[in-house]
Amino acid sequence: MDVSRLLDSLNDKQRQAVAAPSTDMLVLAGAGSGKTRVLVHRMAWLMEVEGISPYGILAVTFTNKAAREMRSRVESLMHSSLQGMWIGTFHGLAHRLLRTHYQEAGLPENFQILDSDDQHRLIRRVLKALNLDEKHWSPKHIQWYINGNKDEGLRPRHMETHGDATQARMKEIYQAYQDTCDRSGLVDFAELLLRAHELWVNNPRILQHYQQRFRAVLVDEFQDTNNIQYAWLRLLACESNNMMIVGDDDQSIYGWRGANVDNIQHFLRDFDGATTIRLEQNYRSTGKILKAANAVIENNSSRLGKELWTEGSEGEPISLYAGFNELDEARFIVAQIRQWHEKGGALSDCAVLYRNNAQSRVLEEGMLHEGLAYRIYGGLRFFERQEIKDALGYLRMVNQPLDDAAFERVVNTPSRGIGERTLEQIREVAKSTEQSMWQSAFLMLREKRLSGRAAKALQGFVDLVIRLQEETPSLSLDQQADHVIKASGLFAMYQAEKGEKAQARIENLEELVTACKQFEVPEEAENMTPLSAFLAHASLEAGETQADSHQDAVQMMTMHSAKGLEFPLVVIAGVEEGMFPSQMSNEEPGRLEEERRLCYVGMTRAMEKLYITYAESRRLYGQDKFHTPSRFIREIPSDCLEEIRLRKTQVSRPVQNRFQPATSHTAFESTGFQLGQRVMHPKFGEGTVLNYEGSGEHARVQVNFADIGSKWLVLAYARLSPC
Ligand code: ATP
Ligand code: MG
């Protein structure tokens, strides 16, 4: 049997892992050391050498994309298709199991999966049925509570309330929610895992069947498994004596979602006699990138400890760029990618990584402006996000209330007791009178066609929109957005929710205010109000088709979504204190170390070239923030870092010293001004150049004046002079 092709492309340690005799094994190794590669080769080895059929292998990984990739890599090593092999995510595999054994799992044959939005809606219905006010019982918080308990394997009957009324009520809601799910044949994500576990606990014969069937169990990204996932694996694999887990404690980044890195230790405890193999050679990144990543992660205290080295070239140092503001930062990034592309590099080899989804907007606009195709990976484009569409819905109602889509979107968001029946009636009236829903609502209220409660709720919405219409015209566009987001109750609704996702929604809403502030009515929309022009801009941008997966496009994603991936060129943007590490990490113990691991994940995605950028001032969530560079930058050894500095010094103010214009600034430079420059205006006095657009006689600059704040001026008329 020729197995050399399974081993030839591996180093000694990797070979040892791939060709080990049947045993439990932990491969603990840093980023880019070939863990996923080992896993794939081990699967091929087990089939080819150990004679295990594809039917006898179960492999788990973190995303569907990774699962597909793993399957295709094994198939190409084996030169055959792998019918019968179970390869997927924990959720996917649990689902498959429950479909097969729905009766034993106590589910109807056609049970449906509830996604996170559906689950949220259902919780709201349950609260209503229990007569509980959403203001006090935030549906998001309850969702978090239910899922968190399920992740720990806890049913309502396991919950201890210790005589605490709130706890007792939470338990009651959990129970009522679960009863509703059970009655309707609905299974949420966390339930998939919990039920799959219970299926085995309660049905030893089924468990035994799978224990005998799966002679090998392999898990990638093990450091991010949660407790119920681990318990499930343990039941399955304890007997098989052939479990391989691969992971990296330094890349554990889902602690906030219940992942438990201690599972690595639990594995060594529970799988007595398991072999540990450490891989230390990195094949992904250049020497400098690797040295920098190692140095950063060394600042964490609780580590299992490992060091990575490479035989590859030293490579270029990491380039550090200090943007004057976030727009300048985006311009710089776009210019670097353009340069790479012009030299023949593929756009899809470039990744722009950031901490929060809200950061993508400015970067997206930079890409659009320069005509670079991009793809947001693992997330929605800014203007397509739920909360942004909600806010735009209100703005659209203010702008033009006959907009039925906007009406439908916001009439009961946040919930104000307008039920589906009332809406159905409004739709019918709208249809029969050929009017908009807004007009129909008026008609129904005037003719008192609704019950007292429904009428009151609908009147509340109508009054709100009218009030907003009256209050907003005198405000600037960003004030309008801010006012509408707050007065509509949207802001409060998301604020009352718990968890990282709700926080991200709040940040996005604040970011929308910033987008309004930065918005300039384009020439072709001069006769429109700023609000109409902005709404048109938002829908056009949302409608712009995202580059499809086959098109060459820059990959943009959060660092969380970048796990396991690699790219020749990587930019990490927004590396500032308060952004990354995030503000929250100062408040919760353990959080800072998790942020640092995320930084390690981000840096180690880069193969050839890494850029790290930050902005000295950032308009964030509607406010100007002056952040200092992230501590993670200081943790990088200076010989690995090259600061991109000024090409020419113009003025001695400190703010400019760090600024180096991106290539596309040349047209602006020819005007004799620079971003960040101090200037004097005969009427407005002294100020700082914040931004610019256009060229030649159309060039306009935005100047922040000490006395009157920021103003856009046409350069040709402004009589500005340097000071
Ligand atoms: P991460 O922790 O980021 O998931 P990993 O440890 O899973 O990383 P892989 O993705 O398996 O690492 O490998 C990183 C890169 O190194 C891949 O491009 C892989 O093909 C390559 N590689 C791994 N081992 C070798 C080897 N022995 N020879 C050549 N290239 C290798
Ligand atoms: Mg991997």
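Placement of Cβ uses the backbone N, Cα and C atoms for every residue, glycine included.
As given in TrEMBL:
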- Ala29, Gly30, Ala31, Gly32, Ser33, Gly34, Lys35, Thr36: ATP binding site (BINDING)
- 8-286: domain 'UvrD-like helicase ATP-binding' (DOMAIN)
- 287-564: domain 'UvrD-like helicase C-terminal' (DOMAIN)
Those binding-site residues in Gly30, Ala31, Ser33 whose CB falls under 6 A of ligand 1, listed in sequence order: Ala31, Ser33
Collapsed DSSP category at Gly32 (ATP binding site): coil
Additional residues around ATP, ordered along the sequence, whose Cβ is within 8 Å of the centroid of Ala29, Gly30, Ala31, Gly32, Ser33, Gly34, Lys35, Thr36: Asp248, Leu279, Asn282, Arg284, Leu308
Binding-site residues near ligand 2 among Ala31, Gly32, Ser33, Gly34, Lys35, Thr36 (Cβ under 6 Å): Lys35, Thr36
Thr36 (ATP binding site) CB neighbourhood, other CB atoms within 10 A: 18
Reported mean pLDDT - the domain 'UvrD-like helicase ATP-binding' (8-286): 91
